[in-house]
Every structure is written in C-alpha cells, then in structure tokens.
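As recorded in TrEMBL:
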type     : residues : note
DOMAIN   : 18-479   : domain 'Major facilitator superfamily (MFS) profile'
TRANSMEM : 12-29    : transmembrane segment
TRANSMEM : 74-93    : transmembrane segment
TRANSMEM : 105-127  : transmembrane segment
TRANSMEM : 133-161  : transmembrane segment
TRANSMEM : 173-192  : transmembrane segment
TRANSMEM : 198-219  : transmembrane segment
TRANSMEM : 290-311  : transmembrane segment
TRANSMEM : 331-348  : transmembrane segment
TRANSMEM : 355-375  : transmembrane segment
TRANSMEM : 381-401  : transmembrane segment
TRANSMEM : 421-443  : transmembrane segment
TRANSMEM : 455-475  : transmembrane segment
C-alpha cells in the first residue's frame, strides 16, 4: 500500500512537471513577436548603413516592409489581433473538443501545428516575404492551434490533483506562463539583431519537440496507471459538502464529524457519484461564479497581454534601449508575475477568499501602473523594482483565476461529481479573458500614437473594471469571514 502511494505521488509530480513544460513551450512560442517588433521598424538614423547598399529613403531603409510606413503601430496591432482574436474565438470551441478527445492526442497535435506556424512566420525572413496578409494568416492559424493548450493542461492537472492546497500548487505551476515569456524573450533576443527569422524558428522547433514528448509520455488520468483519482467532493446526508483528496478531508462546512457550532455529527458521508457525460456550454455558464470571474479575467488579461506584446517596444521608445536590451529588461515583468502568482495562491489558500485576493491585487496594481509610467524610467534601479512590482500585481490575479479558480469551478459541488466539466469551464473563463487579451494590444496600437500616457490610463481603467466585477463575490467572502454565513474554502456558496 505504501509503495503504491509513493508510486502515485511520483506520477503526480511527473505530470505536474510535464504539463509545466508543455505550457512553457506554448508561451515561449508566443513571445518572439513582441521582441521582433522593434527590429521590424527601427530608427534608421541610428543604424550604420552598409557602404554597398543603394537606398532611396534614408529614414526607412533599415525597416522590414510593410512595417516601414508611418502607421507601423497599427500594422503591429493587426498582427497581434490576428493571433488574439483567433485565440479568443477558438478557445470557446477548444474546451468542448478537450472534453471529448484524448488529451494526449489533442495536446500533441496542437503543439506540433503551433510549432509549424511559428516557424512559418520566421521563414518569411528567409523567403523575403513582405506581405502583411501572409503574416496575418500565419498569426490566425497559430492562434487557433494555441487554443489546444490551456484547457487541456488544466484538465489534466485537475484529473490528478484535488482541492487541497490547490491555490499554492497551481500558483507555483502557473509560473510556466512567465517562465515561457522569459525564455521566449531571451531566445528571440539572441537572433533579433542579426536574423530575426530565427527568433521564431527556434521557439517553433522547441514547441514541436514538446509535442512529440507529450505523445509518448503524458498520462491523462490516475486510473490509467492504477492510481486512485482525487475525490473533489464528499456529500453528507444533509447535503453539506467536504473536499477530500487522497484520504485527507478538508471541511467546507464541517470539521471532521463536527458541525460549525461544535456539535458531533454521526452522519455517514457519501461519495458523490461520478458522471461521465460532458457538460454543455450553457450548463458550464450556470455554475455560480463562472460569469463574474470570466468578466474579471477579460479586463485583467487586457492589461497583462498589453504588457506582453508592447512592453519591449515601450521600453525601447521611452528608455531608448536597443531591441535585445529592451527584450531582456521586459523579462523582469514576467519574473514579478511568477512571485505574484505564487503569493496569490498562498493567500487565497490561507483565507479561502479567491475573489478577495484578486480584488486587493487589482486595486493595488492601478496606482502602481500610474507610478511606473511617470517615474519608472528615471534610473535602472527604479525600472527593475517597478517592473517586478507591477508584474506581480498584474499577473497575480490573472494566474489565480486561470488556474485555481478555474479548477475550483470546474469541480464545483453543483456538478454533482461530473469530472468532465473542467476543460469546458476553463475554456469559457480563458476564452472570455482572451477577448480582453485581443482588445488590449489593439487599443494600445491605436492609442500609442497619441502618447504612452493614454495607454497607461487605459490599463488603469481596465484594472478598476476587473475589480468591480468581483464585488458580489468579495462581499460574500467578507460576510463569511464575519460569521454571517459559514466560511467556505473554495466556492461553496458563490
């Protein structure tokens, strides 16, 4: 029995590592476009012109057509939104497919195809392609392929882990987003100044290789290797619910066999019967809390993805860094995001308040964005500190909602043990968030010609709106802490 438990624990750790690696590769392949932007359109007056080069325009000779025009920021916005709009639309369907197809095949196919289209973007450099339509088409197809990742990896982790310490575990695990962004920035930065095509080809090959790794080694469910699945809910005879994971029961409304007022209960717990039928889209929307967190994530992701796609260009324009230096500096924002995601998970586990944790971080992020815009570039030390702080406050709520919150809602007690809802719920939440992810870079491209100050005002407004959508849930959690309703870990009564 002990050997069996050790075997299963090792497998859980192995699956956590594999899924971490997979989604690191997904984000690693998304990052190059933000690094390469500053190379596609440069300040040619600062570039040494080759002596044998015959030029007709001194201002744009070093730019890559068609991004040599005055509306280059709008064209960059077209590329960003070709990817992000396709990603947002595809995400709503991806969860449905993810519930019905083997996750191993689904993930492997998605990573191989994403690697292909990432490489095709980079090959435009070697094939001397200057068509906006070509790059936009590649971005659309890559966006659709990238939707295979998130619902599938969250569903896989949800199959192996119950609710115990889910916020902390997934906070650490979700650092794959920032790790992928950092590695993507560093890899793209190596080639951006010489052959920017390799900035896409190398990440494309990496994600394709992880797709092959997924096909041979991913184990979707504990039952596939004779391990016991985690029990997400145990229902008492009176309908109260407890969380149970590998024999360890964590009370939602009860403490062992003892009720809230301390009285001993002799009621026998009953395991919720598992249902194999996949949940419908409308059924997933009706789960309490899904709509609020989805709308909150839409605005939180608007802020995060605006930084993802525009921060290197902002640093290059405002601080006058070279493309590689700006890309390296932008990784500090993602490093702060790692710390913010872990902190958000720890705090929400300890307090039982997912919504309150997100709301506090969003409120704190708004003034910090204002401060960063005005004083963030005055010195290297201030820049480093502000990027770390803003990264933690911006990405903390985003990380918590897309991981622990999605997993909590996907195994909500109202599902009565339906284990096939997690991928659909995750897709709805992240798909709605991806609408904001598409709008953020688009608005940044349209607003930035009027001044970077206006871009930051947009981001601050989005943070405030994200917080407002959680008002009802925060009020519920505060009432629970005050004793007016039973305190619940997770989402007993939202």
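Placed from the backbone N, Cα and C atoms, the Cβ positions cover glycine too.
Highlighted: of the candidate stretches 12-29, 133-161, 173-192, 455-475, 173-192 has the greatest count of Cβ pairs under 8 Å to the transmembrane segment (331-348). Under the criterion of 3 or more C-beta pairs below 8 Å, with sequence separation of 6 or more, the transmembrane segment (198-219) and the transmembrane segment (173-192) qualify as touching. Per-residue pLDDT, averaged over the domain 'Major facilitator superfamily (MFS) profile' (18-479), rounds to 81. Residues 289, 292-293, 295-300, 302-303, 306, 310, 314, 353-356, 358-359, 362-363, 365-366, 369-370, 372-373, 394, 397, 436, 440, 443-444, 447-448, 494 of the same chain lie 6+ residues outside the transmembrane segment (455-475) yet bring a C-beta within less than 8 angstroms of a C-beta in it. Residues 292-293, 296, 300, 303, 340, 344, 347-348, 382, 386-387, 389-390, 393-394, 396-397, 400-401, 452-453, 456, 459-460, 463-464, 466-467, 470-471, 473-474, 476-478, 494 of the same chain, all 6+ positions outside the transmembrane segment (355-375), place their C-beta atoms under 8 angstroms from a C-beta of that stretch.
Beyond the ends of the transmembrane segment (173-192), by six or more residues, the same chain brings 16, 19-21, 23-32, 34-36, 38-39, 157, 198-200, 202-203, 206, 308, 312, 323-324, 327-328, 330-331, 334-335, 337-338, 341-342, 345, 391, 395, 399, 402-403 to within a C-beta distance below 8 angstroms of the stretch.
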